[in-house]
Each structure stands twice: as structure tokens, then as C-alpha cells.
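Listed features, source Swiss-Prot:
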| type | residues | note |
| --- | --- | --- |
| BINDING | 28, 212, 237, 241 | Zn(2+) binding site |
| BINDING | 272 | ATP binding site |
| MOTIF | 30-40 | motif ''HIGH' region' |
| MOTIF | 269-273 | motif ''KMSKS' region' |
């Protein structure tokens, strides 16, 4: 049975949709004012894997992922570039879709845009106002009265009394309490006309948090089975969503809350605000990029490497970005494709009674543990290389498909040049044998994973090394010796 870690309860729980066999899943998507970076790639791929596994498990999924197409950052980009809001958002939506296609991210079933649901947002604001949870401020904004919602902080574990004004929430002089947040922003004279809507409160536009409350409730109803998003959304965005939706309608907004871990760069989260980001297209483009073209030529080998880089780690664990880590991911993916190139797959699909398929399923049913699932892929690759088994190769390819991997033709895959693997300098060359330094580095990474009790990751590293012809022997005292098989 599938178990999911619920951020709300802080425990791993058996997953039971409100309606048997049907899953209503909402994920907070992009604010479209710039290109997607690798941190966004992690969120997109993580929830793509989630919905793929739910469907592979026989569940009917209604997957909604929104687009925020009105926001302060979008307005600034439009003003800076002299373009209309719609021109900015349409361009970056097209760019986002190009990135998703490159990474093998399947489109959500529905992809609403915030500007299509302003009427529904105003309805929720009116409900909150009638219940004393929203008020009109002197500056024309409509704010949420946070202290009127007794459960505020239940998702993030933050206490209102412990939150200091100005630390995480901007202080506004028109707010009754510095922790209150805006539901409706009054129009400013200098703002473009296409950022303003008529409302009972005068011209203005919605605040960020109210958008998701309106779209999720309108499209999926309450409660959602799963609400997901990036690590930085737990507070304040998701906390505020709960306050709005549950304050307006009563009952739970979502039964399960999921948050993927951050992508780190030198101990900091990758983000545009820190300036330490690398875009998806910079990482996987084939040839030059243009800031006037949303579409771009993709290197399919590098694109799948980036997806593999994300999938081989558990979605909740922090993941570190470094160029060497991409090289390591490329070499590991090459070894899986080499097994498929060496042995023709039987094409029979997944045999779930087979031991490695059972291990794969057990891992995925354990909070979508794709790291453990990847370990099963390497065991199959090792078997295919050792025995020439078409069945093992077929299982490898079919299980890879569940994760959105290993569907390229192996000879064509190796013909694509890659910037991330020395083994690709010769067309069609198999992954080069790991040298001693690389093996020792992988053993050190495995030891760190074991120390952090991430045993699935440790097992995955062992399986990757075995597929590369390296056997490990754990000795007493934490020492690990290795030998070439």
C-alpha cells in the first residue's frame, strides 16, 4: 500500500483518497516572469514522478498545476522591457513548456491561469469579509486578519506569538496586525492598466495567496487529496492558503501536503533572489540560446541526464547541485543505457512478480522513494550485463518508463554528444570504467548517506557501482573495501 509523508501531520501515512480510486491533486506552479531554473526542474520532475506512480498504481488522477500570471515580479519585468503583461507571460509560459517537454514532464490534466479566476477570488474575499476574517485597510487593500484564524501555523509549526513583525512578513502601516497579509491590492496610478480589475473594493488585483485557494477549490473541490509544492511554499504561501480556504468554507483544504526538498548550491538554496541559479535551458540546450525564442534545440542525452539527476534522489531530501554531480549522473545513466545496448529488451512490459520489480514497487510505495527504485534499475542492468538476459533488459526498460527514463534508442542516445561525460568523446562509446578516485568518492558518498540514515541512497550507490563492475565489501568499523568484478 502506498504511504506518503504528510507535512501537515509530520508522519508517513497510508494514502486513502477521499473517493476510492480517484486522486485530486493540486500543485503550485510557476510565476512566469523568467526562465525556469534547476530548482524549478526538481519540483516539476518530482511531482511528475508522483502522478506517474499514482497512475501506474491504477488510480485515476486529476492533476491540476496552476500558473501565476499576475504578480509584482511580472509587472516589474513588463515595465523594464516595455512589454504588455500578456506578452511577458505568454513568452515565459511557452519557455516553461519547452523545458517540461525536454525533461519528459507530462502536462498536468489542467493548467489554470490566475487571471482566469479573479471572480472566484473576489467571492472568497467576500466570504472572508462577512466572517470577520478580512478587512478593508486605509490604503485601499483588503487584508486577511490572521489572528482571527485559530489554526494559523498548523502546517508550518509556526506560532503567531513567536513570529516577529518584519522577519518573515512585511509590515504595512495600514495593517491592523503586522502579520496580516493582502488578499486584494488596490491599484496604483503608475501601474499598467492591464494589471487592474474592477471589484467591490475598487480597481486592483489579487494577492498571490488567494489565487491558489480559488483555483484549487473551483477545479477540484474540497478537500484535495494531495496539495504539493516547492520547499519555500510551506510558509507563508501554503499556510495562508489554508487560512483563506478553511476560513471561507470550513473543513480541510487538503488531506495530504507534500513538499519537495530544495536544490542546494554551496549550502544555499538555488534561487533567483540569491543569484546562484542556472536555468534548465542553459544546462541541456544544444547550440546557442536566444532571449527572443522560447523554444530551443535540446540535447536529448543531457536532458535525460538532468531528469535522472533529480529522480535518483528522494524528493524530500535536499539535493546538491555541482557540475561534478551532473557528470556523475551522466555516467550512471550511460551505464543503464549500455546495458540496453548490450542486450536487446524482450518488450514484454513489467512483470510485477519479478524480484526487482517488487523491490521497485516497494520503494515507490514508500513515499515515492525513487532513489530505491533506481537501485532496482541498476540491479537489472547488472543482471543483463552478466547474463545477457532479454527479460532483465526488458524489465529495465519497462520500469525505467515508469520513472520517465530509458526510452531512447541506445545507439542514438550514445550518438548525442554530452558536456557531462568524458566517455562521450567518442560517438557510441560505452561509459568508461571508473578510476580509483571516482570509486573512492562514490564510497564516501555512500558512507555519508548511511550516516544520514538514507539507506535507499546508499543501496542505490552500491547498485550503480555493481553495474559498473565494482563490488563493495563492508568491514567492521565502517571500513568499505572494493574490487573490480
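Just so it is clear, glycine is given a Cβ too, placed from its N, Cα and C backbone atoms.
Cβ neighbours within 10 Å of residue 237 (Zn(2+) binding site), excluding its own Cβ and spanning all shown chains: 18. Beyond its flanks by at least six residues, the motif ''HIGH' region' (30-40) meets 67-69, 71, 73-74, 76-77, 88-89, 92-93, 95-96, 99, 230, 262-263, 269-272, 277-281, 283, 306, 321 of its own chain at Cβ-Cβ distances under 8 Å. Confidence across the motif ''HIGH' region' (30-40), taken as the mean pLDDT and rounded to a whole number, stands at 97.
Neighbour list (residue 28 (Zn(2+) binding site), Cβ cut-off 8 Å, at least 6 residues apart, same chain): 65, 66, 212, 228, 229, 230, 233, 237, 238.
Within the same chain, residues at least 6 positions away in sequence whose Cβ sits under 8 Å from that of residue 241 (Zn(2+) binding site) are 209, 212, 213, 216, 227, 253.
Residues 28, 212, 237, 241 make up the record's Zn(2+) site, and a Cβ search at 8 Å around their centroid adds 208, 209, 211, 213, 227, 229, 233, 238, 240 from the same chain.
When secondary structure is read from DSSP and collapsed to three states, residue 212 (Zn(2+) binding site) falls in the helix class.
Across the range of the motif ''HIGH' region' (30-40), the DSSP-based residue counts are 3 helix, 2 strand, 6 coil. Of all Cβ atoms in the shown protein chains, 30 besides its own fall within 10 Å of the Cβ of residue 212 (Zn(2+) binding site).
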